[in-house]
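Quick notes on the structure that follows.
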Amino acid sequence: MARTTPIERYRNFGIMAHIDAGKTTTSERILFYTGVSHKIGEVHDGAAVMDWMEQEQERGITITSAATTAFWSGMDKSMPQHRFNIIDTPGHVDFTIEVERSLRVLDGAVFVLCAVGGVQPQSETVWRQANKYSVPRMAFVNKMDRTGANFDKVVEQLKARLGAYAVPMQVPIGAEDGFEGVVDLLKMKAIHWDTASQGTTFEYSDIPAELVDVATDARSFMVEAAAEASEDLMDKYLNEGDLSEEEILKGLRERTLKVEIVPVFCGSAFKNKGVQAMLDGVVHLLPSPADRPPVQGIDEDEKEDTRAATDTAPFSALAFKIMTDPFVGSLTFFRVYSGTLNSGDQVYNPVKSKKERVGRILQMHSNNREEIKEVRAGDIAAAVGLKDVTTGDTLCAQDKIITLERMVFPEPVISMAVEPKTKSDQEKMGMALGRLAQEDPSFRVKTDEESGQTIISGMGELHLDIIVDRMRREFNVEANVGKPQVAYRETIRKSDVKSDYKHAKQSGGKGQYGHVVIELSPMTEEDRKSDNVKDDFLFINDITGGIIPKEFIPSVEKGLRETITSGPIAGFPVVGVKVKLVFGSYHDVDSSEMAFKLAASMAFKQGFAKASPVLLEPIMKVEIVSPEDYLGDVMGDVSRRRGVLQGQDDSPSGKIINAMIPLGEMFGYATSLRSMSQGRATFSMEFDHYEEAPANIADAVTKKG
């Protein structure tokens, strides 16, 4: 079957934003204007098409990125048809993992910002993630109809807080209740959308007299930004003082693709104004798969390799999301980077070293689906029937193996015990948690060996609340939940601490003998660059001359690695430690792998105790927005929680307080902040770093442990 849309007319992009910037409403309008959805769904009444998990509809926040395919021929229907693959991403801090996943497979992004709230803490997190993957992006300043809307202020914040070279493509006509439309700086015309047709029709008119000067200045800034793309454009601009519409778009597109500028559009998705012109911007300014560099990976021989975005290249794809679907079972969402795939084909998963057959291929539209026979370079689709694929795995042709970059997922910072309410829930709970962990790599499940309890870990209280909620709804498992526990870590401060341990047992017949001398040190920045660092631990074998035979060295490392999962202070994982094996001895008959494993484990425990062991606690970056009246109480409370204030900013709803606060002090903070501010203050937090816990905290944790 031939390709229906040339790859140059594909746009794979994500809609990203802070919670409450109006992202889901914006996505809904996109689906409406691209003809997919005939009734506009409103988040306010829990009917949005993109938010298809029950909880999202209740909470009014987007949790799972749903992939949707749509088509666009321009606001005035004059463009050739473009194919949009849109991924809606969550804006809540506990779900940054979802954002990270979708950014990995997108070519571009539209940042939705609130015209009142501006750049908020999550915006910074998502922006940093987009920088990590060099994702070209544009901004859409939404909610221009709301009280306190200020387009210029948001553009300034983009520059000041995110370091973006923001280039407005439009100027708003009015604001708040008086928001009417926009001035298109390319055409230097005013655009008004027709309310009766829900914004599907529009008209151009002359720019209102009071905005002519503002629009002229803004246009000059835009044209200058375009001219800086190349010497030819700059020469023409300097000689003639202007550029044609085509040249401006060419220059701006080049610079957007290089992530040098961020074009800015504005509107009100809720009032059906502005989204249509922003979609034209997606076509003009965001990349097609062919504009992005070939995807990089490594071949079977661990050598670097690439795949170009063409149908003739060998097939390669990345699985970026696994979902359990009530009708078809497990769905694997994947992005095709190169080649073609037909339903029924076999693919190879180099991460698991397994072949799998792709059953059906589904083109997803939010929660509707259409079965298709094949996918090609640039497509995003979902496969049914893949059993052993996890998020971040590569799928490729068996005869041309490539492993694309693995996604790196953060370690969970919070844990809690869960137990089934009834015996019949026991088995179902194990299956439910297994499924949920397969879908979400930032969620972990383990059994505590001592207590036999099931421990779940994740990125925040809301994250775990939603997991427990999903167990109830999707798997009918009722569970009791323990109190949240902080994920502490253990490390050492002293360097070059020697530890010598001999494991020798003689009791008739074959004895046991293993003797090791190790040196413990904290890892340096240089150490961290080593390829041998795994789980934040480095093992170095310094044995020469066969003092310990080669075949026992892996047992020494294994003994060490097994010991660091439960540290000597309070049973938390050990991090940031380097262990050198420097000396030892063996016995021809009595030495065994087990003996060396035990010797290494005991040597580590004894050495760790002598190396100034310390407990580390997770520190959260917290941003609180509070009306001025409650500022004193809020800041006093931050200090009581051992918080360190990082600074203050102004915001339309009061003051923004930035602080670093230990996670152990943040449980139940949402409730206490609400009562302190009569429900008017809000906060968000994300994990920032680990640091040494004060002695009183360490003692309390150790006693508990």
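Our numbering is plain: 1 for the first residue shown, then up by one each step along the chain.
The backbone N, Cα and C atoms fix where each Cβ goes, and this holds for glycine too.
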Region 'Disordered' according to Swiss-Prot, located in which of 290-309, 350-369, 550-569: 290-309
Counts by DSSP class (helix H/G/I, strand E/B, coil) across the region 'Disordered' (290-309): 2 helix, 8 strand, 10 coil
Surrounding CB atoms that lie within 10 Å of the CB of M144 (GTP binding site), all protein chains: 30
Other C-beta atoms that fall within 10 angstroms of the C-beta of D20 (GTP binding site): 19
